[in-house]
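These come from TrEMBL:
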type	residues	note
DOMAIN	1-42	domain 'P-type ATPase N-terminal'
DOMAIN	76-137	domain 'P-type ATPase A'
ACT_SITE	D347	active site, 4-aspartylphosphate intermediate
BINDING	D347, T349, D742, D746	Mg(2+) binding site
BINDING	D347, K348, T349, E452, F493, K516, R547, T627, G628, D629, R715, K721, N745, D746	ATP binding site
DOMAIN	768-1021	domain 'P-type ATPase C-terminal'
REGION	1025-1046	region 'Disordered'
Amino acid sequence: YTVWNFVPKNLFEQFRRIANFYFLIIFLVQLMIDTPTSPVTSGLPLFFVITVTAIKQGYEDWLRHKADNEVNGAPVFVVRSGSLVQTRSKNIRVGDIVRVAKDETFPVDLVLLSSDRAEGTCHITTTSLDGETNLKTHYSVPETLVSQSVSRLEALHAVLECQQPDADLYSQNAEPLGPENLLLRGARLKNTKEIFGVAVYTGMESKMALNYKCKSQKRSAVEKSMNTFLLIYLGILLFEAILSTILKYAWQAENKWDEPFYNQKTEQERNSSQILKFISDFLAFLVLYNFIIPISLYVTVEMQKFLGSFFIGWDLDLYHEESDQMAQVNTSDLNEELGQVEYVFTDKTGTLTENEMLFRECSINGIKYQEINGKLVPEGMTDDLYCTHVCLFVSLSVTSQSREELLFLKAVSLCHTVQISYEQPGDGPGDPFSHANGFSSQMEYYASSPDEKALVEATKRMGVTFIGSHGEAMEIKTFGKPEKFKLLHVLEFDANRRRMSVILQTPTGEKVLFTKGAESAILPFTTSGEINKTRVHVDEFALKGLRTLVVACRHFSVEEYEEVDQRLHKARTALQQREERLAEVFSFIEKDLELLGATGVEDKLQEKVQETIEALRLAGIKVWVLTGDKHETAVSVSLSCGHFHRTMNILELVQQKSDNECAEQLRQLARRIKEDHVIQHGLVVDGASLSLALRGHEKLFMEVCKNCSAVLCCRMAPLQKAKVVRLLKTSPEKPITLAIGDGANDVSMIQEAHVGIGIMGKEGRQAVQNSDYAIARFKFLSKLLLVHGHFYYIRIATLVQYFFYKNVCFITPQFLYQFFCLFSQQTLYDSVYLTLYNICFTSLPILVYSLFEQLVHPHVLQSKPVLYRDISKNSLLSFKTFLYWTLLGFCHAFAFFFGSYILMGEDTSLMGNGQMFGNWTFGTLVFTVMVITVTLKLALETHFWTWMNHFVTWGSIAFYFIFSLFYGGIIWPFLHTQDMYFVFVQLLSSGSAWFAIIIIIITCLFPDIIKKVFYRHLQPTSTQKSQVGQRGRGGRLVSSPTATPHSSVVNAFRSRSNSDPFYSNDRSILTLSPMEATHC
């Protein structure tokens, strides 16, 4: 928005909503024809809703503008007219040379021209872009390397040819530059005093801006139900309007009613078109009954969602102390959807696991080693024999075994992109090699992947230490002896190759390639080494749940290296199809490899993953694990985290080569499931087989999956994850899906699912930025769904039903009144009451209810996941429940109208002076009974009373009385008629009226109370049973606000589980998470 377009643009957005547009049409009809109610009755509520929404959206947009201005107004220095000039970042133009100092953020996308380092490099962190905290090295353009002064840069004349702006953070096609020369907006300069760069992409063309994502357009099941109910009520409205119009003309067929003596027609009225009169009357009835469509429903729902979303962020149980991260809500529109989830799709690495890698085992030249107390010990060798083994290493024995081990450790300590940060006094970046002595206490490794960091730290413990890289030099210490290698080329990791390589020149001048990657990406290209033994060891590592990497090398002759160097240079400087050419060259280089060995790194499970998965299963939610890991590793982790049980029959659909083979395997699995009805089944699918299954056998695949209690998909590409989610989402049952992950590879899955949850992990913040909700740990998912989801759903479901109920109560007496006033479109209520009914008299109690209601205590919900099943499949907004609330509204409306009619209908004198009540008093009596009844009906539905509930419930009734006395006690000069003058005072002065009010309210609510009592005793739900248990033995202990040790709470649940059959079979009671005494 801007100041000029805010009003038209916001109005356009708001009137795209059916209800708002409908009320606008009604308002215009009231202005154009003679209608029974004032245009104010429709105009004021519409104006209120539009204004509140506009203020909310305007405020949110103002916050965005404020944040934009802070960034756009940040001071920067640019080179102009031979000197450094300070300006604002928004004034930078393409071609400007910008100076950035240490710890400053790059304001635009820059090509690095020079830095204060002699070799022209600089270190940056890209945390705000992709969440990676490692230091990345970027390089100056070779031609401008020496231009380190303002005068030299001012004299620089150059042409830079770039491709059109694109959103890919990791590509840069500019002659002859690559991504290592580009400094992206949002990244931060580290360990470098200052740099100069030329602006290439600015403003909305920078890569960070092109990665901005529009707000999610997901719609919840409740919103869809709400729209269906609105259409039904629109049908009721049209039916009432048409019926009233027809009955009016049927009644007026008699002359005495068509033109009574006291209301003679004018000549114009006699000659007017009957069709136009019919349409005009129909529109008038439409206006009279239009309040059956609750306009304020939308604004109340929006406020409930917006305000209710703060409770997730405020929940201390969702706060992770170690990382100082609390849960965050990116989309408040889906709060209630958290209570409807049927399938959870979760990533493995970083979501179920910590993404903290610990080196455990390795295989070198066909021999397995394990780390014991920081020592690499061959399998089967005792610790005592280890000293002799190390002596061989230190003396660098000429045996082939020790040479292979040493080469393996060197490969692991050199084949990576790890950076080192030194904690030192002073501002200078220092020379990495100056820390060769006493480095251990001062240096820290930074890596883009936790695997790399774990491996480099492991080789350091084993005696081969990576000391740092300086320009083209990489230095290691082999058992105290320093060695310098020249870094010639880095072949970066990519998802297609699944490996990365470095080409180095050894101290002896030999050119060697070290490569590491997944076994499927390395072993097919190896020609020597212990290939079969290593493959067996890799499978053994995977069975233990370890993440595996295979390490290999290739020695180049002089001629081979020259060819490799030329090919790499041509590919890197190509302006067209650079990615394809590089992939081709990399394939040419990474072949004829000599296998050195493999590593096994453990990624430990997050805390309480097993309990969380078990709780979700008890809640009726199926959990699918989608991971890129290999089959054996994924199955091992699934077993250890409780996703698969040891007793489960695990079915496999893996390594399928053709459509027919895949179909046959699926049919076999389906038969096995049908033949065995007792045992639980788990299914394992790999990426290749999944592609075949989704190609032509979707129905068969879905049938197998739905009969399995747990599904594991391994070797999955990011888009395959999204396809699996879409497959379930669009199946005939239309289940509500939730996807949870922590990495950029999970973004497509998170966006595809109904609800997307990002884990604030170590793989960056892309998942968090694209998610609807973000939490710090997987264990928080149980409370998010079982407690918050449960509460949000029951609150908004009751809110929607109650709104329709109170509007049926409101408008049905108006419809009934027409039978007693010859369908003359006389209104039953005063126009002020019509306007304020939904805005003031009945709005606050339901809003407060929808923010604070709790059917049962949160700890009971979390300890009894089965209660989640009570609200599944949108059960509280089913057609049966909707019909109940609608019929209840009609019944109460009939009681309001005919109860008041019985009191007044026989012309009874109800006032002390013998006078009788008039039509406005009758309408006010109906309205008074209605306001009190609908407010008390909500009070009956409320289980969790706070001081705020009491205040708004009784306050709303009191406000109605005070307002009516004030409104009817004064002659208002700006009103055309004083219909309501002294009406309310007269009504309250009659004892009969008070008696009627009390009797009608009891008549309406008493059957409802009886029904609730009978249903609770004859057909109680699990939730109602737990309410009884909560209020009974030990219930007070759970809900008491006083400080109680958490052990007492667990004991209370245990003691209850012994005596109450409802609790006896619940295994999750004993896994109730510990609570702080103050929280309890």
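Cβ coordinates come from backbone N, Cα and C, glycine included.
Note that the structure is predicted; figures quoted are calculated from it, not measured.
Of all the binding-site residues given, namely F493, G628, R715, N745, those whose Cα is no farther than the 10 Å limit from the Cα of T349 (Mg(2+) binding site) are G628. Across the residues the record lists as binding ATP (D347, K348, T349, E452, F493, K516, R547, T627, G628, D629, R715, K721, N745, D746), the two Cα atoms farthest apart are 26 Å from each other. Note: the CA-CA distance between D347 (active site, 4-aspartylphosphate intermediate) and D742 (Mg(2+) binding site) rounds to 8 Å. Listed in sequence order, the residues of the same chain lying 6 or more apart from G628 (ATP binding site) and placing their CB within less than 8 Å of its CB are T349, C714, R715, M716, A717, N745. Residue counts of the domain 'P-type ATPase A' (76-137) by helix, strand and coil are 7 helix, 31 strand, 24 coil (DSSP-based).
In this view, the densest Cβ surroundings among the binding-site residues R547, R715 belong to R547, judged by other Cβ atoms lying within 10 Å. For the binding-site residues shown (T349, N745), fewest C-beta neighbours within 10 angstroms: N745. For D746 (Mg(2+) binding site), applying a Cβ distance below 8 Å and a minimum sequence separation of six or more within one chain yields D347, T351, P718, K721, A739, I740, G758, A767. Distance from the CA of D742 (Mg(2+) binding site) to the CA of R547 (ATP binding site) is 17 Å. On the backbone, the CA of F493 (ATP binding site) and the CA of D742 (Mg(2+) binding site) stand 20 Å apart. Counting every protein chain shown, the Cβ of D742 (Mg(2+) binding site) has 31 other Cβ atoms within 10 Å.
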